[in-house]
Structure formats: structure tokens, C-alpha cells
Amino acid sequence: MTSIHEDTHIGYAKLTIRSLERSLQFYCNVIGFQVLKKTDRQAELTADGKRVLLILEENPSAVVLPERSVTGLYHFAILLPDRKELGIALARLIEHGIAIGHGDHAVSEALYLSDPDGNGIEMYADRPRSTWQRDREGNYVMTTTAVDIEGLLEEAGDERKTSLPNDTIIGHIHLHVSDLKEAKAFYTDVLGFDIVGNYAGMSALFVSAGGYHHHIGLNIWAGRNAPPKPTNASGLDYYTVVLPHQEELDLVANRVKHAGYSIEETENSFRVKDPVSGAYITFVI
């Protein structure tokens, strides 16, 4: 198998929501994004004023489905540069009265919440890569224990911010899929991501580029053979994967076409439908 380039990373996610005004209040005031560009029905959000991290598109008639009922978004994950910034974000969430879940995953500390349309969000900070451990099979050792909430808040101290730091990125995307075997074939054999977590006991598979703990999480927690998200539902429409140069874009596109998947190409991007989550992936440089 040919691995995807080590400098590959997630770009942004595009979501359908029901009310742009309500969502902007949440994503800007609570999460800390800034509006980069806005029309009547769509907004592009950023942390640094330059790079798009999230696109919201309004569909007032969009249906909000019960959790874990279809394939598609489990959560998109906002990666903060350090533990202090995660603590500052936590304090902001608490001040706004947001319901928060949390998990210490050994490689990272994470907070979990949902937007007004039920789209899952993770806000997290990585621990130093030198501390990440792998088991005998090469899987990263990832746990789910309680985050030291008091310690996070102590890290933040009295510092409060209304916006995300400039070097915030989308660290990973986690998807409900219909079949893990097919997901493995598509994401590893076709796209070229490396398996970094084959967690059969928890019905999940984590893949990445360049040794990261995961750029894409895949699970069957909505049920094996779960149906795809209807087109009239809120949720993830597509996400982007950023490749370092045109040569890599051509290599990945050729692998996808050779495997029999249809793609939509432009001069410096292509789009393919993920057969197991129903979301589209746009590869860009």
C-alpha cells in the first residue's frame, strides 16, 4: 500500500444548519470563531482571519435527526495549540452554560459538546508527541478517563478570551460509518491513510498521515449498515483534506479512479463521495 503524504492534514468542514444567525452566535460567542465571509445563507469561519476552518450553510427546513441514527458526522475536532488555551476555552464554555463531556485520551485531553443543531464538536489539546505510546500491534494507546477539569482551569488562571488563538486548526474528523471493513479498504487501501488505531473492541478504526494519532476516526456506533444521512438533514456535507503539492493530488486522484470511484475534478482539487459515511471529501492543495 502506498501511504498518503506525511504532510497531509484536515482543512475545514462544511455543515448544514437551520439558522445561520443562531449558529453564528454559538460559533462566534461560545466557540470563539471569527466571521471571514458571510452571505444571506452561508458563512465562512476562521481563527486567524485568513484560513477557513468551518463553513455553515443555512437550510431552515433541515431535519435534525436523533443521535447515532445515520452515518455521517460524529464530531469535528478543533485542535488548540496547548493545554492553557484548552483551559481558557473550557472557562468560556462554562460561562455560557454549555453542557460538556470530556475525556483524557492519553495522547490528548478533549472536551465534547454539540452545536444548536446537534452537530458534535470536540475541542482538544495534544500532549507532546514524545509521550504517545503504541502497543505491540502499532496502535496508539488511547484511553478514556476523566479530564482534570480543575487542573485545566488552573492552567488558564484568570485569563479569559472571546476568540480562538490564531494557530487553531481542525485536527481531525470522526465519522459514523456503515461498515468498518469497507471503511478500512477505502481510507487505507485507496486513499492511503495509515492505520494508527485498530480498536476492534470498541468498533472503531483511526487512520492518519505522518504518524498523527488520528486525522480521521471511523466507528459503527450508529449500527452496522446504518443508513446514510438524508440530503434534507442537518450535519456534515463535506470536509477537505489538504495535500502538500500537485504531484500528491494527482497520485491520490489516480488511486481513487483506479479503484473504480467516480470523482469530480478541477485544476487543483478533486471530490469523492465516501462510500461508508455518505459525506464528500474534497482533496485540495
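Cβ coordinates are placed from backbone N, Cα and C, and glycine is handled just like the others.
Model confidence over the domain 'VOC 1' (9-126) is summarised by a mean pLDDT of 98. The domain 'VOC 1' feature in Swiss-Prot is assigned to 9-126; the stated evidence is sequence analysis.
Residue counts for the domain 'VOC 2' (169-285) under DSSP, helix first, then strand, then coil, are 27 helix, 46 strand, 44 coil. Among the features that Swiss-Prot reports, domain 'VOC 2' is placed at 169-285, with the record citing sequence analysis.
On its own chain, His213 (Fe cation binding site) has Val107, Ser108, Asp126, Trp132, Tyr140, Met142, Val196, Gly197, Phe206 as residues at least 6 apart in sequence with a Cβ closer than 8 Å to its own Cβ. If you look up Swiss-Prot, you'll see His213, Glu264 marked as Fe cation binding site, on the strength of similarity to another entry.
Sequence-distant contacts of Glu264 (Fe cation binding site), defined by Cβ-Cβ distance under 8 angstroms and a gap of at least six in the same chain, are Phe270, Arg271, Val272. For the domain 'VOC 1' (9-126), the number of residues in each DSSP class (helix H, G, I; strand E, B; coil) is 25 helix, 54 strand, 39 coil.
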